[in-house]
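Relevant sequence annotations retrieved from Swiss-Prot are reproduced here:
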- G88, G89, R110, N216: substrate binding site (BINDING)
- K53: site 'Transition state stabilizer' (SITE)
- K276: site 'Transition state stabilizer' (SITE)
Amino acid sequence: MKLHNVLKNNNKEDVVSNIEQFGGNADWFNAARVLSESLPYIQQFSGETFIIKYGGAAMKDRKLAENFAHDIVLLKQLGINPIVVHGGGSKINEFLEKINKKSTFVNGLRVTDAETLEIVEMVLCGLVNKDITQLINKAGGNAIGLCGKDANLIEAKKVCYTYKENQSNNVEKILDMGFVGEPHEVNTDLLFFMEESDFIPVIAPVCSGENDLTYNVNADLVAGALANALAAAKLIILTNVPGVTDVNGNLLSEISVSNAESLIEQGIANAGMIPKLQTCIKVVKEGYGSAHIIDGRIPHVLLLELFTIHGTGTMVLNTDI
């Protein structure tokens with residue numbers, strides 16, 4: 001029996017079995033099939049800009065970090081323009097513990113005093129950012145490490161929260177978050193230049209604001225601001241969980257803006273998931289592209305999400321589901 005006769009068989013399992021009889025490997029067949037199936041997605045996304053927020057387990061696990069770097073280089077080679085925005089909360093915690101300093105979080109944001117800000121800037125801009133750029137360059141890319149301060153890339157404004165100390169009255173108090181900011185303005189010139197080049201921007205979320213003050217800005221918020229400013233086709237946020245879950249803990253593969261807002265209001269989405277959902281909501285409301293929250297613990301999760309029919313995590317949509 002000739003191999004070309006085997007390939008006429010419409011049963012995929014039989015084809016794989018018979019290929020092995022001819023000295024082949026089922027993994028080869030599956031790899032070729034996946035490459036073939038990815039063609040429509042590659043054609044669709046070529047020339048588009050993707051904002052990818054990188055953090056969590058994908059950053060802490062060295063093998064996952066190397067996989068991520070290779071995937072970013074592959075996207076660039078396929079004609080896609082990836083822009084990486086990274087966090088680094090666990091590494092910041094590690095350094096704060098060395099000086100016996102604890103952090104307080106409000107709605108997923110770290111209250112940042114002057115001492116904490118020094119640690120944040122040192123860790124994000126000096127350690128984490130350079131490690132990511134090195135991994136991408138080692139994988140064959142041309143990554144450039146930046147932060148929001150560089151070329152006035154991202155200007156921030158101070159964040160303040162209001163809250164009611166006593167629910168029985170309407171008196172609101174202001175919580176000073178310290179040097180915590182939110183994106184106010186994005187200078188797109190540098191990033192548009194990089195879109196036309198071989199460079200891959202890797203951005204740390206440390207930004208400047210009024211009176212030359214430095215602000216610690218949540219990486220999810222920075223990623224969202226860049227997605228809106230650049231009219232990116234996709235915002236993809238890697239995290240430590242499978243995606244957004246409902247009140248019973250079930251994964252939601254798709255969620256509307258209104259349902260996402262309800263999860264926040266009801267306290268079902270909490271802690272670090274709040275800025276992630278808020279960012280996705282804002283991006284899809286602008287109508288520029290789609291927003292995804294995916295599980296960074298899965299090897300090559302970016303490729304699975306983008307180039308196969310087996311999407312992962314949660315997609316936030318500006319429609320009712």
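Quick reminder: no glycine exception, Cβ is built from N, Cα and C everywhere.
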Hey, for the substrate site built from G88, G89, R110, N216, who else sits with CB inside 8 A of the CB center?
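Here the non-site neighbours turn out to be G87, I92, T112, V120, V123, L124, P205, N218, A219.
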Across all chains shown, how many C-beta atoms besides its own are within 10 angstroms of the C-beta of K276 (site 'Transition state stabilizer')?
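K276 (site 'Transition state stabilizer') is surrounded by 28 other Cβ atoms within 10 Å.
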Let me check the 10 A CB neighbour count of R110 (substrate binding site). How many other CB atoms are there?
20
Considering each pair of residues in G88, G89, R110, N216, all listed as binding substrate, report the largest CA to CA distance in Å, no decimals.
12
Between the Cα atoms of N216 (substrate binding site) and K53 (site 'Transition state stabilizer'), what distance do you get, rounded to the nearest Å?
16
At 10 angstroms around each C-beta, which of the binding-site residues G88, G89 has the fewest other C-beta atoms nearby?
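Candidates: the binding-site residues G88, G89. Fewest Cβ atoms within 10 Å: G89.
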Just to be sure I understand the packing, how many Cβ atoms besides its own are within 10 Å of the Cβ of K53 (site 'Transition state stabilizer')?
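Its Cβ has 30 other Cβ atoms within 10 Å.
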